[in-house]
Structures are given as structure tokens and as C-alpha cells.
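All remarks here apply to the structure that follows.
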Amino acid sequence: MTSTIDHTPTEPSAPVDSAAPGPSSIDDRPAGAPPARIPAIRGPQIPRGEEILTPDALAFVAALDGAFAGRRAELLAQRRARAKRISAGETPGFLGVSRSVRADPSWQVAPPAPGLIRRRVEITGPPTVKMTINALNSGADVWMADLEDSTAPTWENIISGQLNLFDAIRGQLSFTEGGKDYRVGERTPTVLMRPRGWHLCEKHLTIDGRPLPASLVDFGLYFWHNARELIARGAGPYFYLPKLESQWEARLWNDVFVLAQDLLGIPQATIRATVLIETLPAAFEMEEILYELRDHSAGLNAGRWDYIFSYIRTFAHRGPEFVLPDRSEITMTTPFMRAYTELLVATCHRRGAHAIGGMAAFVPNRQDEGATKVALAKVRADKQREAADGFDGSWVAHPGLVPVAAAAFEAVLGERPHQIARQRPEVKVQAADLLDVGSARGAVTQHGLRTNISVALRYLAAWVGGSGAVALDNLMEDAATVEISRAQVWQWIHNGVRLAEGPTVTVGLVRRLLDEELARLGRTAPDPMRPRLAAAADIFAYAALGETMPGFFTQYGYVKYLLESGLRMTGELRPEDLRMSERV
């Protein structure tokens, strides 16, 4: 018996359209019903794109948009309102409105779905052909196919990614490079797809000139084409949900799942979703998020870089007491980070859900065996700590790390697929523990400042060229690395932080270091990167050097660099494409 949540007066609600298309076909409607709306496709044609952008699939996405775009807009407005309150002095904390959910010991999430019982090692990456095949042949238990932070959201990447997933799920994906054939083996991981977050739009699909929510586009196309096939193969349509900030956003996703299953005639609770707890507001609502998704929940994941970025962004205008040191000093054993992971494990296991640990981003380097040995030892220690703390699995970015992570969890779990039965009643995390930024020891150094600038520039130069997962300094980086790097630079500037070496961080100092790094990269960077350095510097300056801290660099970079170049190919650029955000 589950408890009933106490609805807050500000919780938006939108009725699901009862006249939405029926389950067997999006055109299977009662006589006299209005025709299904088909989104307009803007931008270049993608090879085989018509296999994904079918009329039925587009009408399905349009049905989701019609039912939920308004609520999405209201929830994004709530995000902005909460951000203003916190900037004005409000302190985040556990919500009184949902205390009854946290206090009720009786409810549990649904038991693990087929293919989601054992999740010791999960490999992540964008669904490019080569990365898809390598991930599926990696020996991991799960592959998180990422259309979010590790995919630069060009139209080609989004549609090609959907095509690669379509082929991979049907066992028909292959690739040839340098005379070598790549094919998917017989034993493959369970696939979870991560769509883009609620804050992003897909401007290549519009209805009445309004771009569709990127979350619904990514989810809808994947679900429409693959849900039945996945079920027939003994798994199901499973997802990772990024950037959630509240239980109400989880409820919105749950309602999307309910409608989507109804439209396809698929039993309720077939969909499963793991939520990334990678924003500070969500850390205070872990239990409520599980509750809202309880029939579709597949647990929670600890997303380190984005969580720290969210911490900085949440308190951007609250002064020096929230300043963090070099990001290399902030580890998962830093007290406020450990409070976050301890709470996540305890919350998940109390409710019968998997707790999945953070990313090991190291990329083994055959040219530097010494550095590789040291890095693998760090990865091993990190995964051993997670397994000892109660996590049921963890992320890796490279197939070479799969055996390392697997061994760490096997040493703790033995033959057990997970350790959900291990409760953590001793964990008593308070709001103050999650907010204890003073527990982050360390200095702000010139090396840390230069590293943030250098990594951000190199990643952004690759990103504007269409690459979202980039190996830099033996680490696989994605958009989260840029977000924390530029947020730290902004925070240090606006709080007049003094470097350990003496100088104060100012816009002038950062611009000088930026110019030095641009000059160095102009001499040493690979040829394809050099023409994109100016765009990378522009995005970095927008995200790190302005008077206010922007929400996400991806919104600016998308409309100015990724979107324009695609639309110019067909001469369809319109002034409204340069808007920074959407008001639905």
C-alpha cells in the first residue's frame, strides 16, 4: 500500500488528451477525429533518416508534445523561480510538502525488469557506430546509450544515433574501418537510452513554428521504433533521465511513460528509468523522485561533475562562502559529496531500488604504461569504495575499465547480482551535510585555472565539430566537464578569489590565460581543431565571463553553432533560431 503525496498548490497539472491516437497506429483514430499533427522537419536530409522520421513516429512525438509541452514549460518556469529565491537567500532543504512520502516505510519501487537485475558495470557513450559496437562487445552488464552530454546535438548526430540504436537492437549493426570489420557479438549488455534534458529544444522539428522539447523527441522516436522489438527480445524500453530538479519533473516523466505505453498498447510498468541525481535540488528529493516513478523506476545514479556544477550554479550569487577549490580537490570522499552518495545508497535500498555509482572516465594509454598503471589503481580503489559503500554497480567510459570495475564489485557481491538487501539505517544525512561546502579542502591554483580553460577550449572545439565524447589528457570528457570548468572560472572571478600563487582571478587574468591557451593550441592542436578554436573561445567567454552565470553552455552553442550550420545548408535559418530559450 503506497502513501498519497500531499500536492503542493504550485504543482502544475495538465490533462492528457483523451482524443490522442490509439495504440496500434498513430492513425488508428475514431471516425471524425482530427488528423494527427505531423511536425515540420527543418534542416538537411540525413541518410536513411526517413526510416526514423516516419509519419507515424512523428505523429507519436506530436501526441506527446501536445499532452506535455505545456507542463514542461511550467516546470521550467518553476526552476527559474526557485533559482531566484535561492539567489535572494533561501536555503534549499528537504520539502515539508512531501514529508509523508519520506516517512511512509511501506512503499517500494517495482522489482527489477528483465535485464536490469545485475548492473555491476555500466558502460556509457554516444550511439555512434563504432562506439555502439565497442560498448555492446565490452562485456559490461548495461550500456547507457547517450544522446545527452556525450552527444553534440547536431541534427545528423541525433538521427544517426537513433538509426544506430535501431540497427543495434535488431542485431544488424556493422562497421568497417581501415579494412577491419566491426560487428556486434552474441552476448550484449542491456541498453538504456539517455534522452536530452527538459531544458533543451529540438529546433529541427516544429509544430506551428514552435520547436519540440528535445526530451520528447529523443524518447518518442526511440520508444516508437524499438519498444516492441526490445520486449520481444526479452528486455524492454529502458532509460536514464538527466538533469531532473524536482519530484514534479519525475511525475511528468511518469505521465509521459503512461501515455506512451497506452498509445502503443504496451502493458503499464514495462518502461523503466534510472534517474541521475546530478542537481542539488534533486538531492533533497531523491525519495520523492523514486515515489513518483515507482512503477517505472530502475533506481538512481550519482553524477559527480554535473552535481558539483549544479552546486556552483545554485549558489552562484550567494558569495564567497560557497566557493569551491580546484575541481581535482573535490573527490567522492569530500564530506559534502560523501553525504550525497551515502544518502543515495540508503534511499535506494530502503525503497528496493538499484544505486548506481559514478563515472570512471580514464582512457587507457598504451603509449604510457606507467601513467596507465597509476590511473587503473585509482579506478580500482574508487570502485572498491563504491562497492563497499553499498552501490550495486558503477559507470565506466572505456571497455578497458570493465574488468577492473567488475572485479571490484565481485569481491564484495560474490554471486549476488546486487546488494539492495543491504540497508543503511546508520545513514542520517541532514540538509546541512549536503550544503557543507566548507568541508571541501584545497586551494584555487593557477594550474587549476589553466586546466579549466584548456580542457574547456579543447572540448568545445571538438563539440562544435560534432563530437560530444572527447578523449583529453587520458580522460573521456563530455559536456559536464565544460560546465564545471566554466562555472568554477565564473565563480572565482565574481568572488575575487586569490590564487595560491598570489594573483586575484579577474576577467582580465582569465582573458590573458585564454589568449595564451588559444595561441598554444593554434600551434599544437590537430589541424581539424584549429579552425574551431574561435567558436570554442566564444562559447567559453559567454559561459564564464558574463555578469550572470548562464544555465547551460549547450543552449548557446546549439543555437549559434550547431543549429545555424545545419540550417544554412538548406537556407532555412530564421531569426527566432537565435533565441536563447523557449517559452511554450
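Don't overthink the numbers, they just go from 1 along the chain as shown.
Placed from the backbone N, Cα and C atoms, the Cβ positions cover glycine too.
Look at TrEMBL and you will find 1-11 tagged as compositional bias 'Polar residues'.
What TrEMBL records for 1-45 is region 'Disordered'.
Assigned with DSSP, the residues of the domain 'Malate synthase N-terminal' (41-95) fall into helix, strand and coil as follows: 36 helix, 1 strand, 18 coil. Per TrEMBL, the feature domain 'Malate synthase N-terminal' maps to 41-95.
The domain 'Malate synthase TIM barrel' annotation in TrEMBL covers 190-436. Taken as a whole, the domain 'Malate synthase TIM barrel' (190-436) shows an average pLDDT of 97 in this prediction.
What TrEMBL records for Arg194 is active site, proton acceptor. Listed in sequence order, the residues of the same chain lying 6 or more apart from Arg194 (active site, proton acceptor) and placing their CB within less than 8 Å of its CB are Met144, Ala145, Asp146, Leu147, Glu148, Phe239, Tyr240, Leu241, Pro242.
The domain 'Malate synthase C-terminal' feature in TrEMBL is assigned to 444-558. Residues in the domain 'Malate synthase C-terminal' (444-558) partition by DSSP class (helix H, G, I; strand E, B; coil) as 73 helix, 8 strand, 34 coil.
Annotation source TrEMBL lists active site, proton donor at Asp478.
Neighbour list (Asp478 (active site, proton donor), Cβ cut-off 8 Å, at least 6 residues apart, same chain): Asp146, Asp149, Ser150, Gly468, Ala469, Val470. In the three-state DSSP scheme, Arg194 (active site, proton acceptor) is classed as strand.
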